[in-house]
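This report refers to the structure that appears directly beneath it.
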Amino acid sequence: MPPSLPCRCQEAPTPVFGYLYQIVELGVMRLFVEKRVFNEIPDEGILIADLATKTGIEFNLLERLVNFLISSRIFTSSSPGYVHHTPTSKYFTERRAQLWYPHIFDTFLTSAVKWPEYFDINGMQEPQCSSKSPFGFGSGYSDKSVYEIFDLMPKRSSDFNATMALSMGEMPILGMYDFSWIGEYGKRPEVKDRTLFVDVSGGKGQALQAILEAFPSIIPEQCVLEDQEKVIEEAKLATGPLETVKKVPIDLFGEQPVKGALVYYIRRVLNDWSDAEVVQILRSIRDACAPDSKVLISENLLPDEPPLKLAAIDVWMLNFGGKRRNKGNFGALARRAGFELSSIAEDDKTKSAVLELVVA
């Protein structure tokens, strides 16, 4: 269980000073994560002078920054010149925190500092496409999507992929939707040549593998894994149930190459894109559908009155041109693309869901 975060902003003489305390803390924490300062503090504490030697940071600079974090109760001190961990600072020695915090900090603040200028140019409206996003504008690539930008930054791209891999377990694959009907349908002799399941933009097949293992009646040879060509090349090395799955490179916004499949499954993809782009993705699938095809969208759902965490994530995703969506949002986008929303299977704990679309 992560520790609660100490906050002294309520002690500020004015709200503006409260935000100043928070801004300074955010910046110092970002630097200390980058320089691995938290990892160099032993459980018994350390002299700031010795910590300066271990980290290679000038003593005068380190003392000022550490003193602030002692004042803000991120650190504690037994006597002047000493610094000790608290549960909060100790948490930032963990790999998960060291990946997530810089990712959130860098992508949000790079964007937010440019919000006034971005919205002056683009109007006070949601980003209309991922290649015209606040993050791209703030990063100096105003015509590129976040994925195109990360391709230009190998270290950031590597850190991003590692961060996303950590979050895979936060959104369940199984336990919401009953996939067993797909395997039962596949037992019919007349459909032995039909594609049963297409995992659209499915990465290396983690979700598809979990589904095939949980529902062994679904025949792998009648399944397809799709993603960008470079991802598919890696996926071809898979063993186990994925070994005999067809691997097909795609352009997510181009023509869907697999026609007439029983199910098109798209997980953790649509929330990364604007409404117009989601409609484009779904229409490309709609054009490939048979009359009885279904589309399964596995995504996080935004409640009509979202709690603070989900509302914050939604605003953060705005920077990339994406958004968290509620049931009504998905229903409206489905209709624009030529589908009807037929059912929703939800996980109340994680606010995840599988939305089933049928051809309208």
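Every residue gets a Cβ built from N, Cα and C, even glycine.
Residues or ranges marked as S-adenosyl-L-methionine binding site by Swiss-Prot: Ser201, Gly202, Asp227, Asp251, Leu252, Arg267, Arg268. The Cβ of Gly202 (S-adenosyl-L-methionine binding site) has Leu208, Leu225, Glu226, Asp227, Tyr265, Arg267 as same-chain neighbours under 8 Å, each 6 or more residues away in sequence.
For the S-adenosyl-L-methionine site, whose annotated binding residues are Ser201, Gly202, Asp227, Asp251, Leu252, Arg267, Arg268, the maximal Cα to Cα separation is 16 Å. For the binding-site residues Asp227, Asp251, the ranking by surrounding Cβ atoms (within 10 Å, all protein chains) places Asp227 first. Look at Leu252 (S-adenosyl-L-methionine binding site): DSSP puts it in coil. Its Cβ taken as reference, Arg268 (S-adenosyl-L-methionine binding site) is surrounded by 20 other Cβ atoms within 10 Å in the chains shown. With a 10 A radius on its CB, Leu252 (S-adenosyl-L-methionine binding site) counts 17 other CB atoms from all the protein chains.
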